[in-house]
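As structure tokens, the structure follows; a few thoughts come after it.
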Amino acid sequence: MQFFVQLIRSSEAQGDHSQIMHEGMIISFTLVEFMQFESLKIKSYDTFILIVISLLFFSCSSEKAKSVVFGFLPILTWLPSYPLKQYLFGDIVSGISTGVMQLPQGLAYAMLAAVPPVFGLYSSFYPVLLYTFFGTSKHISIGTFAVISLMIGGVAVREAPDSMFAVNGTNASQVVDFEARDARRVEVVVALTTLVGIIQLVLGLLRFGFLAIYLTEPLVRGFTTAAAVHVSVSQIKYLLGVHTARFNGPLSVVYSLDAVFRNIASTNVVTLIIGLVCTVFLYIIKDLNERFKKKLPIPIPGEIIVIVSTGISYGMVMSENYGVEVVGKIPTGLLPPKIPDFSVFPNLFPDAFAISVVGFSIAISLAKTFALKHGYSVDGNQELIALGLCNFMSSFFHTFVVTASMSRSLVQESTGGHTEIAGLLASILVLLVVVAIGFVFQPLPTTVLAAIIMVNLLGMFKQLKDIPALWRTSKIELAIWLVSFFASVLLGLDYGLVVAMGFAILTVIYRTQCPKNALLGQIPDTGLYFDVDEYEEAEECSGIKIFQSNTSIYFANSDLYVSALKAKVRPNQAFGFIKFCTLYFCDYRLELTQQNCSLQMDHVYTNGQMNENHTESDSEDDFFLQRLTPIHTIILDFTPVNFIDSVGAKCIKSIFYMFVCFAGTLLSDLRTLKFFCEPVTPDLIFPTIHDAVLHCKHSRDVPVCPDVQ
């Protein structure tokens, strides 16, 4: 026990409060084992929890404990000093504007998640309320989002397909018990949300906020564009009013389009007209909001305006008279909390992990964008914890996974939102609708929700403009974008994400396989050295070759490094006659031995000309013991090298014994790898290229080969 107390106090002394929490977790797991010993007399988990709390807090000073609490609840840092006169009005306007968008989007994205629309309203209230207390971003709008909702819906359909709830057999004309199916899908989605929350919370506590950096921007943009394709295709049937099965997995886009075209003859004309009118209207409103955003005090609430069609639908009894599909029953009030079904966790874990990473990546990228614009910082680890708590705690109240919404976040920021109070007011607006007037949305045609979804996807489709831009700037990033897009479209969002991440990692390996190699020359009368092929003024030093390769040296590219070195030092060398030699300093003369791997040279170069010094009468040994070249020193510029492993060190050591690098990490790595042993010593390491060149030129013991006239 005393060891644990000392461990925490050492972290206190360093001021690392996140480390205190991390060590508290380790202590917790360790104490579970200690509870088995009778000497501690711990009989219940209540006592165990008290011990953990004591170790975490009572061993801390009040200031340290306060700092930990403030870090876990960021609202305590800014709410006491909240400037009412400056911020309140903007937050109220922003909260109302965002809440007005939350309502129709919550209903619409619930359809993507394969659950009844009212659960989208629940997901627009509880998580948003919780994020106010735990989040660090002042401008992102937490709630339902199309990409995440679609991924959730794919899991729900897979775990609770229509065939499981067939009333009259399993043939093509089966009747589905929709009530039982929807109830089961809600259970699956809620369990998935719980698991996502747990994963995000654990990753946050373990300081895995850096995880999002592996989802590079081209990958995320290609992935979200592919998700927009999936979402659009899934909404076509609602726009046309046709009934088709929902497909999931590889080629689901193809199967969905095929099913729609097969049933296109049964299109409901009234449904199609309503959907097209709403789509055109929403597009016009969106365009006006974008063009006149600086003149409009608040954006025109197009989504709310089209919901006026609810009244038209109710008055004309479209559901009964014209067969228009409507939202249906929306219970008034909130449902009581319920424990999720933990039995489905094993089947959901891979999907939950993918959704966790994607959701966090979207949220943190938006949060950092707004933070950079407005001059504050966000904590990636705390954002993971906040999202985890939002999803985990809300799942007990029948919600599905949430993240930051791009469209709502832009509205929240552009309408004058300053703090998380705007999100709090938006959630209160949703609560009022759920409690008081939720029934008003019951006659809302689902084609209106489909129109809302598809118009809100326009921003994602604009990401197709990335293709020509990346073509001009970075072909590798373009390849990542395209692989992410096509893999996600064809294989599904889950497999597509895995393929895209794997390809992105391969591009990193590829970059180390194809580095830029150069011979450096000196700018006259300076200590500057540049690529002789790119800079006309750069001149090679007499008798010295300075080689630079902008890559680390490790097992995967060490042979390529050596090959590039040989090609640069002897670009015209025909390596037909293979003989391996080792270069080293012995008696201050450059000699050759045939024992180890080195440069392969069988001709003599003099002043750029190749001479055949090897005659038939010469023995092979005599030939290789001659001075083959006027080059007496080869300097390796290690300044671009981040790391070197044992394989790379052996390859380098077997060839040249004159190097240049900035002392520091690499020098430490070389010592760790036992690189230095006679005749290779640390004396051959220089802090700059110029130091190495001066050493070679002015050393009395190493003769400089004169230029051949």
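Using N, Cα and C of the backbone, Cβ positions are placed for all residues, glycine too.
Automatic prediction, not curation, is the source of TrEMBL annotations.
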Correct range for transmembrane segment (source TrEMBL, candidates 32-53, 54-75, 296-317, 560-581): 296-317
The annotated transmembrane segment range in TrEMBL, which must be one of 384-404, 657-677: 384-404
Listed stretch, out of 140-157, 188-215, 296-317, 384-404, 478-510, that has the most CB pairs under 8 angstroms to the transmembrane segment (352-372): 188-215
Same-chain residues at least 6 beyond the ends of the transmembrane segment (188-215) whose Cβ lies under 8 Å from its Cβ atoms: 18, 21-22, 25, 113-115, 119, 152, 155-156, 159-160, 338, 340-342, 344-345, 348-349, 351-353, 355-361, 364-365, 379-396, 398-401, 501, 504-505
Per Cβ pairs under 8 Å, the stretch of 140-157, 296-317, 424-457, 478-510 packing most closely against the transmembrane segment (384-404): 140-157
Beyond the flanks of the transmembrane segment (424-457) by 6 or more, those residues with Cβ under 8 Å of it: 91-92, 94-96, 98-100, 102-109, 111-112, 117-118, 121-122, 124-126, 128-129, 132, 141, 146, 228, 231-232, 235, 238-239, 241, 271-272, 274-276, 278-279, 282-283, 286, 303, 306-307, 309-310, 313-314, 318-319, 324-334, 407, 412
Considering the transmembrane segment (478-510), which listed stretch of 107-134, 140-157, 296-317 counts the most C-beta pairs under 8 Å: 140-157
Long-range environment of the transmembrane segment (140-157) - Cβ separation under 8 angstroms, sequence gap at least 6: 98, 102, 105-106, 109-110, 112-115, 120, 123-124, 127-128, 131, 185, 188-189, 192-193, 223-224, 227-228, 230-231, 234, 246-249, 252, 348, 351, 354-355, 358-359, 362-363, 366-367, 370, 387, 390, 400-406, 408-409, 411-412, 423, 426, 453, 456-457, 460, 492-494
